[in-house]
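Visitor: Reproduced below are the annotations present in Swiss-Prot:
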type: BINDING; residues: Glu154, Glu193, His196, Glu299; note: Fe cation 1 binding site
type: BINDING; residues: Glu154, Glu193, His196, Glu245, Glu299, His302; note: Fe cation binding site
type: BINDING; residues: Glu193, Glu244, Glu299, His302; note: Fe cation 2 binding site
type: REGION; residues: 322-351; note: region 'Disordered'
type: TRANSMEM; residues: 147-167; note: transmembrane segment
type: TRANSMEM; residues: 212-232; note: transmembrane segment
Amino acid sequence: MNSLTATAPIRAAIPKSYMHIATRNYSGVIAMSGLRCSGSLVANRHQTAGKRFISTTPKSQIKEFFPPPTAPHVKEVETAWVHPVYTEEQMKQVAIAHRDAKNWADWVALGTVRMLRWGMDLVTGYRHPPPGREHEARFKMTEQKWLTRFIFLESVAGVPGMVGGMLRHLRSLRRMKRDNGWIETLLEEAYNERMHLLTFLKLAEPGWFMRLMVLGAQGVFFNGFFLSYLMSPRICHRFVGYLEEEAVITYTRAIKEIEAGSLPAWEKTEAPEIAVQYWKMPEGQRSMKDLLLYVRADEAKHREVNHTLGNLNQAIDPNPYAAKYKDPTKAHPNKGIADLKPTGWEREEVI
């Protein structure tokens, strides 16, 4: 297996001394002032719920970040997409993987991901440690820094699926032809990424600076991905596949740090109720580590789905994740992670 690093071509063009100063100062501002974390994460559990941490939010506005709707006659709002049930064994088998670039289109996608990875590392204060240097102080991540990274990552991760689904929907209307199942899978992916974001927002509320960064990143990314998908959907799906490889790396490292005791505030933190309901988390498996295992499994599934879609003929092939196959005894693409293929299914395997 081969994991990607945060190294990008742009980094080589910046003097080391300047890069160190910029990264330390700029990422520090975001990591420390971008969020207001819940008391159970960064402070003693005996502190009151009204205790305010570093934030730009006025005191009078402190309340649940997104409370349920005030509709007396509505009990709850159901989702159209029910999440598949993962077993603990399946989630623990998820591993870091990398699909080798095989042609110029793959290299374009991979190079773009590496450049974006560098930018995301900068704004979230994350530094990926080389092997054997994980315990050095400059690579240490706190609970607050991890939440900053998770929220920023998930706030833009829901864009590709929505853009792809929207463009394929319009294409189907314009050509007056069926889409053969692509739209549903892409929209469901966007919905899943949004649920990741809503879950993490139950643990920390972004301040004005974080909101500004998300607004700018989402605006640029949406328009850039929109134009790119019009030009080459296949490169875009490969790009998302590589991006999800990075997401698996991020969550894997966070899980390992919890296991190593490096994030003590998360050892007793329970998953929010929104996560328990969405993933159907069983009793006794609702810790912060369990939550990250579920999120990582989702990212691994998106990695497989987009690498698979990137292998297909975008114009005529049906979506293998919405297809019923003639031979049910053989492994085929599905919504679960029982037959997970980290680098995607090849076209000859599914079409």
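In case you wondered, yes, glycine gets a Cβ from its N, Cα and C as well.
Bear in mind that the values here come from a model prediction, so they are computed numbers and not experimental data.
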Visitor: Any residues 6+ beyond the ends of the transmembrane segment (147-167) with a Cβ under 8 Å from its own?
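Guide: Counting only partners 6 or more residues beyond its ends, the transmembrane segment (147-167) has Cβ contacts under 8 Å with 30-31, 34-35, 37, 41, 120, 123-126, 141, 182-184, 186-191, 193-194, 196-197, 200-201, 203-204, 206, 210, 213-214, 217-218, 221-222, 225-226, 229-230, 233, 236-237, 239-240, 243, 247, 250, 306.
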Visitor: Under a criterion of Cβ-Cβ distance under 8 Å and sequence separation of at least 6, what residues of the same chain contact Glu299 (Fe cation 1 binding site)?
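Guide: Residues satisfying the criterion: Glu244, Ala247, Val248, Tyr251.
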Visitor: Is the transmembrane segment (212-232) packed against any residues at least 6 beyond its ends, judged by a Cβ distance under 8 Å, and which are they?
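Guide: Sequence-distant neighbours of the transmembrane segment (212-232): 30, 34, 105, 123, 151-152, 155-156, 159-160, 163-164, 167, 206, 239.
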Visitor: So, by DSSP, how many helix, strand and coil residues make up the region 'Disordered' (322-351)?
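Guide: Once the DSSP states are binned, the region 'Disordered' (322-351) shows 5 helix, 0 strand, 25 coil.
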Visitor: Name the one residue among Glu154, Glu193, His196 whose Cα is closest in three-dimensional space to that of His302 (Fe cation binding site); these are the binding-site residues.
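Guide: The smallest Cα gap between His302 (Fe cation binding site) and any of the binding-site residues is with Glu193.
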